[in-house]
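> Pulled these from TrEMBL:
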type	residues	note
TRANSMEM	6-24	transmembrane segment
DOMAIN	8-127	domain 'Methylamine utilisation protein MauE'
TRANSMEM	44-65	transmembrane segment
TRANSMEM	71-91	transmembrane segment
TRANSMEM	112-130	transmembrane segment
TRANSMEM	136-156	transmembrane segment
Amino acid sequence: MTGWPASAALAVAGVLAFAAVGKLRDLGRFAEAISGYRILPARLVPVAARVVAGAELLSAVLLVVPAVRVWGTVLAVALFSAFLIGMGSVLRRGMEVPCGCLRGSERVGAASLTRTGLLLVLAVWAGFGADAPFDAVQLLVAALLLVVVFGTAALVSRREGQPPAPVVGRRIEIGADVSAFADGGNRVLFACISPLCGACRAMLPVFRAAADRVPVVLVSSGDPGEVRDYLAAQGIELPLVTGPDVFEANGVPGPPYIVLTDGTGTVLAHSGANRPEQVADLIAGS
C-alpha cells in the first residue's frame, strides 16, 4: 500500500505548488483575501500572506523528496487545517468573502471546504508511506486522486449556485447619499479597491482618467485613514467611501471591481476591473 501514500503526496505537492505560485505572483491580492477573513490585525496580513505562500511552496518541495516527505506532510496538514479553521470561522459569522485559494473569484463556501477537507485527507494519507519512492504509475494515480478531489468540489459548487454579485436595479449601499457624488449627472462609477491589492494599484490611474467621463467614487473596506494615506501616496484625489461591510453589503466579489449606478444609486451595470477596457466598456455600454 506504500504506493498509494506516495501518490497522495504527489497530488498534494502539485496542488500546493500551483497555489503557491499563484499567490506569489500577486501577494497583494492574496493579502486582501486574508484581510477579508478578519482574523488577523491589519499590520500582520502582509506578513501572513508571505508566510503562507512560502510554506505552501516549501511543503510541495518536501513532499516530492522521499527522505524528508514526512516533514512535508506535517506542514501540509498544518496548512490545510488552518485553512479549514479560517473558512469555518468565516461561515459561522455569515460572511461572504473571497477564498484566496486557487481561483481569485472563488468564495468561501461548501465547495472550498470540501476541496480543502479532501486535500487534508490526502496529506494525512501521504504520511503513511513517507519513504516510498515515486514511479510512473503513481503519477497516474495522483492525477486520478486530483480528479476525485476537484470533481467532488465541482459537484458541491453546482449545488451552491451562483456567487453573489451586485444586483442590477437595486440601490447600492454605501452609507452615503449617492446624489451628492452625481454632481448633477445621471451616472456614478463606484470603483472598489484595497491598499493590499496589486491590481487595484495598477488600475488607480484608469479610475482617475475615467473621472473625466463620469463621476468616480472609490470604495474600500479598509481603515479610512490607511486608505487615504495610500491614495495620497499614489497621487490619487477622488471621493472615497469606506466601511468594513461595504463589499459584502453590495455583493462585490472582491477588488478591483466597478459598479455603475444612476444618480440615485440604482445599479445599472457591474464588472470586474482588472483591465482598462473593462472600465471603458462598462461606461460606454450603459
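Including glycine, each Cβ sits where the backbone N, Cα and C put it.
Walk me through where these features lie, including what they touch and how far apart they are.
In the domain 'Methylamine utilisation protein MauE' (8-127), the DSSP tally of helix, strand and coil residues is 96 helix, 2 strand, 22 coil.
Same-chain residues lying 6+ beyond the ends of the transmembrane segment (44-65) with a Cβ under 8 Å from its Cβ atoms: 9-10, 12-14, 16-17, 19-21, 23-24, 27, 30-31, 34-35, 71-73, 75-76, 79, 126, 134, 196.
Residues 9, 12-13, 16, 37, 39, 52, 55-56, 58-65, 97, 99, 101, 108-109, 112-113, 116-117, 119-120, 123-124, 126-127, 130 of the same chain, all 6+ positions outside the transmembrane segment (71-91), place their C-beta atoms under 8 angstroms from a C-beta of that stretch.
Remote same-chain partners of the transmembrane segment (112-130), defined as residues 6 or more beyond its termini with a Cβ less than 8 Å from a stretch Cβ, comprise 1-6, 8-9, 11-12, 15, 63, 66, 69-70, 72-74, 76-77, 80-81, 83-84, 87-88, 91, 99, 101, 106, 145, 148-150, 152-153, 156.
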